[in-house]
Amino acid sequence: RGISQEPGSRWTEPGCQSCTCQVSIPSSHPILPMALSQPGMSHHMSWQGGQVLCDTVSCSVPCSHPLPAPAGGCCPTCTGCLHEGVARAEGDVFSPSDGNCTVCVCLAGNVSCLSPECPPGSCPSPSPADCCSCTPEKCNFRGRTYAQGARFSLDGDDCTTCVCQGGEVECSFTPCPVLDCPQHQRQLGPGQCCSTCRDPPAPAGCFLDDNGVEFPVGQIWSPGDPCELCICQADGSVSCQRTDCVETCPYPIRIPGQCCPDCSAGCTYMGRIFSNNETFPSALDPCLSCICLVR
C-alpha cells in the first residue's frame, strides 16, 4: 500500500487483520510475483523482496462475561462484565432480573452469584421478605407456644384478640359498637371492654316547648280549650283528653272558662241571661210575659 515495512514488523490493518512482513525469497534470486490464497487470509506480494502475511486477529478472552471491544479495538475487554445484556462495572454488586434474593458481583470479567439457603419445609423463625417460601408453623409468645393461625386473648380478658401469623403474634383491641348517647351518659363497668349507655335520669316533670312552662308529674291543666284537659305522666309525657257534654237544655247558659253549658244557673233568651224564676217581657210581643223555669 505504498508504505515500506521492515522485515519481521507486525501491524494491524482495518477489519482486525494482523499483518507481518516476511522475507522468504533470497535477494540473489529473481523476484517473481507470488500470491497465496487461503480462506480468511489476505496476502500481498512485496516487490521489495518480502511478502506480507495477514490473518484475523486472534483474541484470548480469559473471562466468562467480557464486554464488547471498545471503539477502534478488536478484542473484548475483561475490565467489566456483560450480564443479561447490561454492562456492569468492575466490582459492581447487583441482583438478576429473575433472581429471588440472589446477589451477583462482577470481578475480573467474571459474574459470580449467590442465592440464599432456605431450610426445607417450615422455618423456625420468619425469613426475609420474598427470599424463602417457607412459613413458620409456631409462635413463641410470653413463654407459650401457639400453632400457626391460633387465636387467643391477651391477659385472659376479651378486650384484646391475638393471632399467630407467620411466626409473629399480632394483637388488636376488640372493636366496640358505636353508641348513640352523649359522652356524659356513657359508662364502663368492671370487667367490661366497651362502654355502654346509662339510662337517662327520670324526668321531674313535663316541659312544653310552645310556652316554656314545666308542669310537675300529676299536674292537670287545660291547654286553652276548656273542653280539653292534659295531665303530666310519670315518664315525662303529656296525655290529653277531651270532655263530652251530655247535659242538654233548651236555653243553656255558657259560663266563660267552663266547658259544658250550665242548665241550672238560669236561662238565656235573646242574648240575655235570666235567673231561675225570673219574669221578663217577651221580645216578640210586649203584651206577653215570660218566666225562666229550670226543668
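We count from 1, first residue shown onward.
Quick reminder: no glycine exception, Cβ is built from N, Cα and C everywhere.
Annotated features, as they stand in TrEMBL:
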type	residues	note
DOMAIN	1-79	domain 'VWFC'
DOMAIN	79-140	domain 'VWFC'
DOMAIN	137-198	domain 'VWFC'
DOMAIN	204-264	domain 'VWFC'
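The DSSP breakdown of the domain 'VWFC' (137-198), given as helix, strand and coil counts, is 3 helix, 27 strand, 32 coil. Here the domain 'VWFC' (204-264) is broken down by DSSP into helix, strand and coil counts: 0 helix, 20 strand, 41 coil.
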